[in-house]
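Supplied in C-alpha cells, the structure appears directly below.
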Amino acid sequence: MTSPRSAPTPVPWLTDPDPALVHVLSSLAPSLPPLVPAASEEAVDAVGAGECGEPLVVLPPELGRRHCYRELDLPTAPLAMRLRRGVVERLLQAQDALPDGFSLVVLDGWRTSRFQGDLLAYYREQTGEPLDGYVSDPVSSTRMAPHTTGGAVDLTLAHEGVALALGTDFDSFDDAAHLLALESVGDDDEAHRRVARDLRRLLGQVLTGAGLAPYPLEWWHWSYGEQRWAAQHRLDRTIYAPVEAP
C-alpha cells in the first residue's frame, strides 16, 4: 500500500536521539531476536465480538504518559487517559521487565467512538489521504475500532524519562513506522538505525511477554483483548468490545 504523508503536529512528540544519546543507548539495548509478525487482516476480520465487563481505569502514576491528542484542537478527546484494567496490569508487568533506565510512556488509550471519528476526520483533512489502516473508522462493518474497546494503547520507550522516537515520531503514517520496517537493518548499518531496531525489539519483547499483540503498520500500537489480539492468539472472540463511558 502507498503510505500517506504524515499530518503536521504542534511539535515533534517524541525525541529523536542525538549522536551522544545514540551512543549511550547502543550500549544499553540488549541483543534480541526479530519481532514477531502481526496477525493477518483476514484472521482479524474473522474474530467475533465478546465482552467480559472489565472496567476502564485511569492510568496509574507508575506509567508515564504524554496525552498527545489533548495537544490538538480536538475538543472531544478524552480528558484523562484510560485503558481496561487488564491492559494496565500488563503494561506494569511489561515495564517491570525493562532494563534499568528504561520505562514506558503511554501516548493514547481509550477513545469514544465520537472522538475516533473526529480524529479520522482531522487526519484526513490534514493529509488529504483516506488513511486506510492507520486511523480506524468507528463505523466499520467488520472491525471494532481498537481504541474504542479500551484494549489498544499507543506507547513508546523512555530512557531516563525522555520519550524516544523509535525510528519515527508517533503518528508518522509512512513505511518507516511499520512494525517490521527496521528488521532489515544489519549490525553494520548506521548506529542510529541499529539502536532504533534494537529498541523496537525491546519494546516488542516486553509487550508480547505481557500478552499484548502488535499492529503491522504502527510500531507504537499494541493491544490486548480486542480483535487483533484474539487473532494473534488464534481465538475466535474478543474479551473487549467498544465501550462509550468509563
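Counting starts with 1 at the first residue shown.
Backbone N, Cα and C define each Cβ position, glycine as well.
OK, TrEMBL features for this one:
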type	residues	note
ACT_SITE	Glu218	active site, proton donor/acceptor
BINDING	His147, Asp154, His221	Zn(2+) binding site
SITE	Arg111	site 'Transition state stabilizer'
Can you tell me whether DSSP puts Asp154 (Zn(2+) binding site) in helix, strand or coil?
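Going by the DSSP assignment, Asp154 (Zn(2+) binding site) falls within a strand, counted as strand.
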Which residues of the same chain, at least 6 positions away in sequence, have a Cβ lying under 8 Å from the Cβ of Arg111 (site 'Transition state stabilizer')?
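Set apart from Arg111 (site 'Transition state stabilizer') by at least 6 residues yet with Cβ under 8 Å, we have Ala77, Pro78, Leu119, Ala145, His147, Thr148.
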Hey, does DSSP put Arg111 (site 'Transition state stabilizer') in a helix, a strand, or just coil?
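The three-state answer is coil.
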